[in-house]
Amino acid sequence: MLQALRVFRNTSAARCASRISRNGRISATSAATFSVRRSATTKADTLSPHYTQVYNPAQTVGYDKLDTFARRHFGPSPDNVQLMLLKLGYKDFDEFLSATVPAHVLIKRKLAVLPENGYTELQMLEHLEKLAGKNKIVRSFIGKGYYGTHVPPVIQRNLLESPEWYTSYTPYQPEISQGRLESLLNYQTMVSSLTGLPMANASLLDEGTAAAEAMAMSFHNLRGKKAKYVVDSQVHPQTIDVIQSRASKLGVELVFLQLNTNEGVAELENIAAETCGALVQYPATNGQLSDYERVGEIVHANKGLFAVATDLLALTLLKSPADFGADIALGNSQRFGVPFGYGGPHAAFFASTDKFSRKMPGRIVGVSKDRLGNQALRLALQTREQHIKREKATSNICTAQALLANMAAMYAVWHGPQGLKNIASRVYGYTAVLAAQIADNSAHKIQNSAFFDTITIELSGVSADEVLQTALEKHNINIFKVDDSSVSVSFDETVTKEELAGLVEVFTGKQADLPAELPRIPSEWLRSDEILTNEVFNTHHSETAMLRYLHLLQSKDLSLANSMIPLGSCTMKLNATVEMQLLSLPGFAYIHPFAPVNQAEGYKEMVDEFEKDLSDITGFAATTLMPNSGAQGEYTGLALIRQYFKARGEFEKRNICLIPVSAHGTNPASAAMCGLKVVPVKCLEDGLIDLVDMQAKAEKHKDNLCAIMITYPSTYGLFEPGVRQVIDTIHNAGGLVYLDGANMNAQVGLTSPGDLGADVCHLNIHKTFALSHGGGGPGQGPVCVAKHLVPYLPKHHFIDVPHVTEESIKAVNSAPFGSAAVIPVSYSYIKMLGSTGLPYASALAILNANYMLYRLKDVFNIMFVDHSEGKGIKHCAHEFIIDLREFKAAGIEAIDVAKRLQDYGFHAPTMSFPVAGTLMIEPTESENLEELDRFVEAMLSIRKEIDAHANGEAWGQVLKNAPHPLNDIISSSQEDWAARGYTREQAAFPLPYLKTSKCWPTVARVDDSYGDINLMCTCPSVEEVAGEA
Ligand SMILES: Cc1ncc(COP(=O)(O)O)c(C=O)c1O
């Protein structure tokens, strides 16, 4: 393969590079002469008549099923398509695509996805049920950070399964997001209360990556001057793997010590001067409870940070990490009402002291006020999104786990402090009973001197495998094998008396004689402070109250249930009910990620098929599903490239990553996390990559070039004709090409990263492949690679994932298949559209965007697209950018338009990315013509308001005061309204459709600066609420 790559470098790359002219553009002839890397033997059909067939295969009533999916997913009907095409000057879809996508890019290789014409909805459900049925539900006592939990039905149905919650976007527009912001604030407050640390974020991806973030934060806190990081050997093994994977790129040296022993503490003392921090697990992975006060003291005395991976249920009873000096507490909130789901999605938590508020990774919800002086929530300190700092970022977290954090927060709201303590006490009681029975009635030895929910048992006279077999065969119970002669058992809230009796029998061979009362946790371990004292955790305990609280919050928010969310670079397409419906099937939900693989055969079948389809769609050789966000995918892809060079002895040497200035902030952040030095590549005025600059930099750094990261179509929404020149030039200079697949929605079935010649890409299945955005997560960022990178795909500590070799990189996430429980969503999307439907998803996404562009181009400046024949790029890809900077002189900014759109019932497009002062619109294929037109009409109406403002007409002020919540319309004084220059009617109902249906903002424009200056990131306490009253 390497040889093939070299040949390729020497021939086409050299030829191509020379065709880049001095002004950074390519000559007209060069693009067409590039050879296609993969020959497209059969081509996808994108002719208009074929769309009619794909849209509705059952043209006449016959034997075939009528519940076809394409017409449910695609917004535009065939008639709509023809109408839009005519407006754009085309007769046929194919003709339009040929004019939009450069010829050497538009490959249209026929996908191998089966069934070719897609399953019908019912067939899909039956297929998924069958797969779920192949997973064996065994009661899990495996633990290791994943525990059984009862998902409260009121939360399952009204949050997890409610489109108002799962189809909303990250709450960047706070005025239409107060519901989920409140719920995330509850999450932060819950984490803060239980860990005892004042600052908590609104979730991270999983416990392993949260621990790696703690390590990186400790390292950067001392500016990289101390390279040792101490990890207790009783941290969960999967967490250790993720930390190791990250540490190796940053140059951090990990030291493993037994920090609950005197020897371990003495060793820590010896190296503390060179150590930037330490991490312990409390309770430890073997279940042991220890006091780590001395560890904290040593770390602090040497200016390091002390991090504690912990368990929220245990903390309802146990002393908090803050009690023994933790600077950081982290962990997984899964057992607060989120099922196993074969490893995720679950929300990790991360808390720290105030001192590190600006260094914490992830998003934080803060309390601020709105234009009218009322309390309002919003995402605090935009620096939370560390990747905004680009290559100076210390974390690349973007999408996190908002939906799951909301579930966990609501679980705490539902049970309240006493309810949670009761659950925890019962869990402890069960554990203690088993421990006592084993100690009293068997020769086995309990290794723990103190525990909460887990005990490790040193076996006597029987092997671990035999115990596991008895437990499984006689009691349908999984326990954890520590080594050949010891096992561990972890309890959770779902345990029954019968199961406890079964476990007693497994270990003692006797019938259980259970004590009348459950033992209580020894007082020396108990916390003495009150937990969860806030009103919200002490109010909604009846189902009526809870249902109304959930409904109250969701009704404050705009989601896809209300209107289109035209966020460029985010692809907020339909998350079809049929795709989401079976997420909660027990066969998918109740499988522990480290269960024996023969109990997860349904998952295996689905994972294999999904990986195969993604590899086909991207034109690559193999795929890993491990990364659980796009940014994690970027990190993984770059780590694979680094490993590729390591295998060639070039790890140290090849440390430069070229990244165009237009790239998403996670790109440079991920490169920095991979230990790469970022060299920016310029873009030209027309949005294209400056090929001359790119070539010069590739040439300059050719001895050290590791990779380039490009996004295709570019973040400017363009099918850059020079993409192949970029790829060839980088290959020619010895580097590899990372293609950010966040914009894959314009590629599927039309072209692909592999066909273009890239080496690796990630996909955001929470964009292109219809997984719901969940208000900021879950996500999944599969990484697809060319053949030469396959040997390095990540392995997992506990589970044999595909493609593992000696050279595989360590795990990048805690779970083997990332957020496996959401795979059915994207899998169904692919399987219901089939190989014939998928190319139309891209084609329609491109058509919808161009139709909107066409309708708006005469009143707004559209960036980088020149609609007049012959000059520049004629059509956008699946998104386009409206330039609002021309209105700045008249006092109008992008934010005014974004906020005013809320009065029209819309979520704003992506604001000021990738260019400040702009809006980037991406309609997706699932919006119909009526909705596209409704949005266009809103924009045209806003344009008139801009003109009014520019002309000094008083009513133009409507933009500056936007959005207008009901309390402004109804309660602001008569004098106030009289002075505004516009009426309440103009404010609230600028277009007639709003009188029949409107999603209202619930607060007025939120004051970001006030919130940042007066940072408050937990719910007000009962005292504060009382004080205000
Ligand atoms: C172009 C691009 N790359 C990468 C990402 C990061 O993906 P994620 O948010 O899943 O981490 C995004 C997210 O919006 C993006 O737009």
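Numbering starts at 1 and runs along the chain as it is shown here.
Backbone N, Cα and C atoms are what each Cβ position is placed from, and that goes for glycine too.
Listed in TrEMBL:
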type    : residues : note
MOD_RES : LYS767   : N6-(pyridoxal phosphate)lysine
DOMAIN  : 841-964  : domain 'Glycine dehydrogenase C-terminal'
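Each residue of the domain 'Glycine dehydrogenase C-terminal' (841-964) gets a DSSP state, and the totals for helix, strand and coil are 62 helix, 12 strand, 50 coil.
In the three-state DSSP classification, LYS767 (N6-(pyridoxal phosphate)lysine) falls within coil.
Around LYS767 (N6-(pyridoxal phosphate)lysine), the same-chain residues six or more apart in sequence whose CB sits under 8 Å from its CB are CYS570, THR571, MET572, LYS573, GLY630, ALA742, MET744, ASN745, listed in sequence order.
Taking the domain 'Glycine dehydrogenase C-terminal' (841-964) as a whole, pLDDT averages 95 in the prediction.
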